[in-house]
């Protein structure tokens, strides 16, 4: 006799959707598909900047769309740059150039410096 399906614990605020098993008519279990999102990362940054501020699900959805859009723009531009230079690999140099081309003035400078800092931290941790 099959055991009854146990529901997964409630996800933390801003985390991915919990995977729960649902019963079909024929008794087989089917997993819900996971929805990938930047929500947990947006939430972590929000708490670093404004610890006492929350975010609505609609605002989180907008932030998720924004991050996806910026990611696609940078990836597309970096891909174009690699293609122009007859390269098959997108390196940090292509990403940096794409950021300089896409973001305006001071924002590009800050993004490049933060990116360089992140790459340095990553390589030193290896």
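Cβ coordinates are placed from backbone N, Cα and C, and glycine is handled just like the others.
Comparing 7, 15, 88, 92 with the features listed in Swiss-Prot, the residue bearing the annotation phosphoserine is 15. The stretch that Swiss-Prot tags with region 'Disordered', taken from the ranges 1-35, 36-70, is 1-35.
Within 10 Å of the C-beta of residue 113 (O-linked glycosylation site) there are 10 other C-beta atoms, taking all protein chains into account.
Comparing residue 113 (O-linked glycosylation site) with residue 121 (ubiquitin cross-link), their Cα atoms are 12 Å apart once rounded.
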